[in-house]
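The block underneath contains the structure these notes are about, expressed in structure tokens.
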Amino acid sequence: MVFSTKRTLKDQKKDDAVFPGRNYTYTWTVPEDHSPTDDDPNCLTWIYHSHIDAPRDIASGLIGPLLTCKTGTLTGSSQRRSDVDVDFFLMFSVVDENLSWYLDENIASFCTDPGSVDKEDEEFQESNKMHAINGYVFGNLPELKMCAGDSVSWYLFGMGNEIDVHTAYFHGETLKIRGHRTDVASLFPATFVTADMIPRNPGRWLLSCQVNDHIQAGMGALYEVRPCSRQAAAPSLGGRVRRYFIAAKEVQWDYGPSALDQLTGKQLTDPDSPAEQYFKRSLYRIGGVYWKAKYVEYTDESFREEKQQSEEEKHLGILGPVIKAEVGDTILVTFFNKASWPFSIHPHGVSYGKASEGMWYHDGLSQSGVSVAPLHNFTYHWTVPRHVGPTSSDPPCLTWMYSSAANPVKDSSSGLVGPLLICKAGTLDDNNKQKGIDKEFYLLFNVFDENLSWYLNANIKYYLRMEETAVEKDDDFEESNRMHAINGLMFGNLPGLDVCEGDRVSWHLLGLGSEADVHGAVFQGNTLQINGMRRDSANLFPHTFATAFMQPDHSGTFEIYCQTSNHYQSGMRQQYSVSRCGRTGSAHHYRGVRTFYIAAEELLWDYAPDRSWERERHNHSAQSYADIFLSNENGLLGSRYKKAVYREYTDGTFQTPKARISGHEHLGILGPFLWAEVGDILNVVFKNNASRPYSIHAHGVLEQQAGHPQVANPGDIVTYRWEVPERAGPGPNDSACVPWIYYSAVDPVKDMYSGLIGPLKVCRRGALRSSGSRKDVKREFALLFLVFDENQSWYLEENVERFSKGNHKEINLLDEKFVESNKMHAINGRLYATLPGLTMHEGERVNWYLLGMGHEVDVHTVHFHAETFIYKNGKSYRADVVDLFPGTFEMVEMLVGNPGTWLLHCHVSDHIHAGMEILFTVLPRGESELEDLTATPGLPLEDEDESQKVMLFGSRVTQEQIEAIVISLAVVGVLLLVAAGVLLGAVIHLERQRRLRRNRRSILDDGFKLMSQKNSGL
């Protein structure tokens, strides 16, 4: 069920709301364009739920799973799958009982003193957030049982809010998801996954979310693999036995050993610098050095001599040694605990018995390797049978991780983590290096939360010279201990990331941590291939991993950073260098030059120029969810802000703006949709018509300024040259085009939030028409899902002065409600279905370019109602939800088949209420498309009082606009009158001429008659 702007409350469909005691029969069909593709598993995972107020309805419990399967998969009246032995449905969700319709009833029923309850109290609210799997916490989900050797299908989905970032981890077994080997599944609100498993490892195993906060809150269950008669014989291992000697050692770890921000050259303790809060030591601030535990490799079992790191290993930082093995190998890790707390080693990606799992939970067994006491040792025995190795769709080596799991949260926060690499047989050479790879790098993106470390008290005593109880543990103290690091180093202090032009480079990326650890790992200056798809970033979450390939073609020094804006600002940035190394760089051959003329201009932007849809959508609510964002009462600013935007011009004079043609009205606040084919050169002529310095920086393309484009001061014109080599275009498993993004990079965070951002697509040669549109699709839409944080805009103070009622000097810019009111949950800069231009016809092929940027809260699950799309990664997969995160750019293909006006929105609960929803319209075949008159590119920079506006032709306009309209109409009327007079005069003149000719003919005729009579008389 969706809402449509074409309906009113009087003619809503009967299924919009089924009232208590009433019933309604829904009819759902599964046409061919909604069925699993040939590459999909036999059954696809979906859900159904109540959608009157979806967040509250779901929090109240109304949600369930739905399967659509290929023909012939389901058997008999039981509707069981014929192709699997057993299947399970699991929902990972932080069920927020504060949103439930039954909150008041639950308080009355279950609180011992209901009258004393403050529903706004933070601790009370937190107590009602139940970190559940299928509604159960702390292992209370009824046991999930199967036999070894069974064919098992897991239907997994997430639901909920911004904190619903889940990594579902299956201990003891591995899965296949879309053809790739894994033991984890990333789940977000409305993310649906079908995973296949053939369990081979008998035992009771933990199934849990690996996000730190969720581990502590009980998001775990147990599943049991029984050694039934069908169990296959254990596979024989004919590979090598690889031995490692690793100790946990306590060190004083410096997150910034050079004492400099290597990206700016400034001191890390400079006042008002981004680094100061993390590195300045004071009465209640520890600074940048902490006691931590680190995995260190030794030469043998005596643990007397540390193994010296090679130059190629210097970049590992806090990480332990790289453990490598091939399919068929056995890994023996002797672990000696030289630290002062019990620790262990727990691996991903290998097979192990309960004795070598390295983690305790209530599985009915007690093993010595679960927790190794200080000054004790234990040897872990892991194997790499074929069924845990890379699949045919995987790269030659899969990236995994090992970590201490005696206490998974505190151990990893203390520093005990390292990389593990599992490769196909024959991939590693005699030196344990990957064949065909020149350089290997391992990078962990993690906010190390020192507040959760075993060594917090020791750090307070050692560095602050006081007891832990004496420290004022306020929010600022805790934030100063959250170190936004790559391999345990910040602000460019990671050494050893050096490559040569043309090197074949393998990047092995790891994630760890908590809900804040939503990372977009961006590689500036060059692009990556991940599973055959062209990217310049990889998304990482706790206990997720990625393997990326790069062959750099451009020398220089470039950044590796997290695209999540607050992580970028907090120092999650490093540098890698590309040198010529005596090689002659391969010359790129370019065929054509395309030129775009773009200006930065300041205007007033309205995030919601029309509230009618929002008021109808939430008419049942006692208080509108939109008021905090759209009202300008009580010290709030409302929906209008001064912003800077990119706008296109016809030529280099910048006199004539280029009109947004039909099909581009939907771009909203975005700059023009730039485009190129592989082999092009783009010249972007940029004029800064704004009042402060800006620039244009693009992802994906080869920039001459090595990621640091020339700054254009106000009034300046700068030309940027972007080259589009093969590695900027689609990879072998991509579709015909790949999406990128461009934005101002003077201050990438504040510039973007001020409005300067736009889409870019790069396509295969010959894929585009001369206009830039795809030859093989009818329509293309680019959508940016971004919480525009106006608190970080350059124009905040000006907006406060302009739009706040009363004395603007009295407004507290740090007030929690004020700050929240300025976070605009927008799609292309619009809220609550006010984005125009998303119209298409039944039967058309449509491409959607979906872009994600922003902050930790910018976890977006983009849901298309009533339509599905195809996602391609070498194969084609059916879905109706796309996951977006900062630095994520996705393209999906849709064959439109369901006429109507449908909802397109982010499925994160808070984002639904905050207005991250738009409508798209599918017209029946043959129906004409009316011009959309709701597009408003922006308002002039005059202050306008809404109360002084009046309705004219269905729109609110000011008195000045009315006068201008009246004058324009008068001028048009006079011109029409003059034209009519001229036309009438011409008609009269022609009629007189016609009559004159007729009279002349009559006179001649009479003359001829008279002469004839005279002649006959003669």
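Every residue, even glycine, has its Cβ placed from backbone N, Cα and C.
Heads up, TrEMBL stuff is auto-annotated, nobody curated it.
Listed in TrEMBL:
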{"type": "DOMAIN", "residues": "178-227", "note": "domain 'Plastocyanin-like'"}
{"type": "DOMAIN", "residues": "318-422", "note": "domain 'Plastocyanin-like'"}
{"type": "DISULFID", "residues": "CYS397-CYS423", "note": "disulfide bond"}
{"type": "DISULFID", "residues": "CYS500-CYS581", "note": "disulfide bond"}
{"type": "DISULFID", "residues": "CYS737-CYS763", "note": "disulfide bond"}
{"type": "DOMAIN", "residues": "823-924", "note": "domain 'Plastocyanin-like'"}
{"type": "TRANSMEM", "residues": "965-990", "note": "transmembrane segment"}
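Here the features listed in TrEMBL are painted onto the structure.
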residue : record         : DSSP (3 states)
CYS397  : disulfide bond : strand
CYS423  : disulfide bond : strand
CYS500  : disulfide bond : strand
CYS581  : disulfide bond : coil
CYS737  : disulfide bond : strand
CYS763  : disulfide bond : strand
Between CYS423, CYS500, CYS581, CYS737, which of the disulfide-bonded residues has the fewest other CB atoms within 10 angstroms in the structure shown?
CYS581
If one measures from the C-alpha of CYS581 (disulfide bond) to the C-alpha of CYS397 (disulfide bond), what distance in angstrom results, rounded to a whole number?
27
Between the Cα atoms of CYS423 (disulfide bond) and CYS500 (disulfide bond), find the distance and write it as a whole number of Å.
25
Any same-chain residues 6+ apart from CYS397 (disulfide bond) with CB under 8 Å of its CB? Would you list them in sequence order, or say none?
PRO390, LEU421, ILE422, CYS423, LYS424, THR427, GLN434, SER506, HIS508, THR547
Take the C-alpha atoms of CYS737 (disulfide bond) and CYS500 (disulfide bond) and report the distance between them in angstrom, rounded.
29
CYS763 (disulfide bond) and CYS500 (disulfide bond), distance between Cα atoms, whole Å:
28
Same chain only, sequence gap of 6 or more: which residues have a CB within under 8 Å of the CB of CYS763 (disulfide bond)?
TRP675, ALA676, GLU677, VAL678, GLY729, PRO730, ALA736, CYS737, VAL738, ARG774
When DSSP states are grouped into helix, strand and coil, how many residues of the domain 'Plastocyanin-like' (178-227) land in each?
5 helix, 28 strand, 17 coil
